[in-house]
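Data block below; observations after.
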Amino acid sequence: SLHAPSALVLTVGHGESAATAVPLRAVTLTCAPTASGTHPATVSACAELRGAGGDFDALAADAGVMCTREYAPVVVTVDGVWQGRRLSYERTFANECVKNAGSSSVFTF
C-alpha cells in the first residue's frame, strides 16, 4: 500500500501509572488508509495527530476549558503503530477533565 499503517489502541484508567491502573476504557484508532475505529471522533483525532506529527506531547490543550484542581489522577496509554513506526506512550492527568482538555479530541474517549 502507499500508506504506512497507523493503528493505535488507547486506554484510560484511574491511577498515577499504567503499571497500577486498571483500564476502564479502551478504544481503537486507525488513521491510514482512512480514519476508523471505536474512538468516538476518529476523523478529528487522526487530523489532530497528523498535525502534531504523531507526537502526543505536542497535542495542543483546549484553552477554553476550565477544570477543577481536584486530584483524581487518570492515566492514558497509547500503543501501536504510527506511520509505520512502533509507538508506546503513557501520560498521567490530574483528573478526567484535564485529560479531556489535553487535546481537542485524541484523549476524549
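The backbone N, Cα and C atoms fix where each Cβ goes, and this holds for glycine too.
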Whichever of C46, C97 is disulfide-bonded to C67 when Swiss-Prot is consulted: C97
For C67 (disulfide bond): intrachain residues, at least 6 apart, with Cβ closer than 8 Å: A94, N95, C97, V98, A101
Residues that sit under 8 angstroms from C46 (disulfide bond) by C-beta distance, when 6+ apart in the chain: S6, L29, C31, A35
